[in-house]
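**Student:** Mind looking over this structure? Questions follow.
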Amino acid sequence: WIMGHMVNSLAQMDEFVGLGSNSIETDVSFDKQANPEYTYHGVPCDCGRSCGHSTKFNDFLKGLRKATTPGDSKYHEKLILVVFDLKTGSLYDNQAYDAGTKLAKNLLQHYWNNGNNGGRAYIILSIPKLNHYKLITGFKETLKNEGHEDLLEKVGHDFSGNDDISEVQKTYNKAGVTGHVWQSDGITNCLLRGLSRVKAAVANRDSGRGIINKVYYWTVDKRSTTRDSLDAKVDGIMTNYPDITVEILNEDAYKTKFRIATYEDNPWETFKE
């Protein structure tokens, strides 16, 4: 999965898919009442990027729906996975459940079209703080209450705070999550970070005893880091330059070992070599 980083406008979505992304990461900011408000990152952000792109969340969802609905004039067949980077740091811990509820209602109406031929992409809810795990509970219970529990088949999870993996596992136990787990690891492209935690996450994924199904590394912009990430056997690379990821995947060392995921690849299934 080649995950276009910080895609917060519909024009950027077209741009990143055009460069080779089959997945995008979108930042979601919340208002004081825990309503998802804008797709917006703000300052500071990755080096070499403009931090200010912003779209009303529901408008973004409508555009995303068109981009992921076969037959629509705006349809991108390649775009199969969306990571919502939920900026819940602005919320009190006790608002996490409400944020999950409101997020589910927004997605149900504007992305899934109330279950009537909505967008087909898989969705990852990426939460920065472990103690906001009730967002997951609120999200799930809302879809169940609305009669659309089936849509949870399209939803996965990530905690993005680089916490200890055993703590992440405990938090998922509390949230009642048993699958559909991606584990992120990374840092802004302005700084360097080693691969030790990525390797620990991959080991958890491959042990058959852990909760992790997939691992992605962010933000990977350099050719050398891209190769290191692939050598560590990650499932996803989040990048500002998807064309570089495509270029490296075409190198002799990688083209027989890796391929770009399609809609037929289940993002919640651990790949077995």
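Placement of Cβ uses the backbone N, Cα and C atoms for every residue, glycine included.
Features from Swiss-Prot:
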- H5: active site (ACT_SITE)
- E25, D27, D85: Mg(2+) binding site (BINDING)
- H41: active site, nucleophile (ACT_SITE)
- C45-C51: disulfide bond (DISULFID)
- C47-C190: disulfide bond (DISULFID)
**Student:** So if I measure Cβ to Cβ from E25 (Mg(2+) binding site) and keep only same-chain residues at least 6 apart in sequence, which ones fall under 8 Å?
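**Tutor:** In sequence order, the residues whose Cβ lies under 8 Å from that of E25 (Mg(2+) binding site) (at least 6 apart) are M3, G4, H5, M6, V7, V82, V83, D85, S126, W218, M238.
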**Student:** Which one of these disulfide-bonded residues has the most other Cβ atoms within 10 Å of its own Cβ: C45, C47, C51?
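**Tutor:** That would be C45, with the most Cβ atoms nearby.
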**Student:** Can you tell me how far the Cα of H41 (active site, nucleophile) sits from the Cα of C51 (disulfide bond), in Å?
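**Tutor:** Just about 6 Å between their Cα atoms.
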**Student:** Just give me the nearest neighbour of C190 (disulfide bond) among the recorded positions D27, C45, C51, Cα to Cα.
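**Tutor:** Closest by Cα distance to C190 (disulfide bond) among the recorded positions D27, C45, C51: C45.
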**Student:** Measure from the CA atom of D27 (Mg(2+) binding site) to the CA atom of C51 (disulfide bond) and give the result in Å, rounded to a whole number.
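**Tutor:** Here the two Cα atoms are 11 Å apart.
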**Student:** Using a Cβ-Cβ cut-off under 8 angstroms and a sequence gap of six or more, which residues of the chain neighbour D27 (Mg(2+) binding site)?
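**Tutor:** Long-range Cβ contacts: M6, N8, T39, Y40, H41, D85, K87.
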**Student:** If we count other C-beta atoms within 10 Å, could you say which of the active-site residues H5, H41 has the fewest?
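**Tutor:** Comparing Cβ neighbour counts within 10 Å for the active-site residues H5, H41 gives H41.
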**Student:** Tell me the Cβ neighbour count for D85 (Mg(2+) binding site), meaning other Cβ atoms within 10 Å of its Cβ, over all protein chains shown.
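**Tutor:** By my count, 25.
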**Student:** Taking DSSP three-state, what's H41 (active site, nucleophile) in: helix, strand or coil?
**Tutor:** coil
**Student:** Would you count the other C-beta atoms found within 10 angstroms of the C-beta of C190 (disulfide bond) for me?
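**Tutor:** Result for C190 (disulfide bond): 11 other Cβ atoms within 10 Å.
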**Student:** Starting from the Cβ centroid of E25, D27, D85, which together make up the recorded Mg(2+) site, report each further residue of the same chain whose Cβ lies within 8 Å of that point, ordered by sequence.
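**Tutor:** These residues sit around the Mg(2+) site: H5, M6, V7, N8, T26, V28, H41, V83, F84, K87, S126.
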**Student:** State the three-class DSSP label for D85 (Mg(2+) binding site), counting H, G and I as helix, E and B as strand, and everything else as coil.
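**Tutor:** Note: D85 (Mg(2+) binding site) is in a strand by DSSP.
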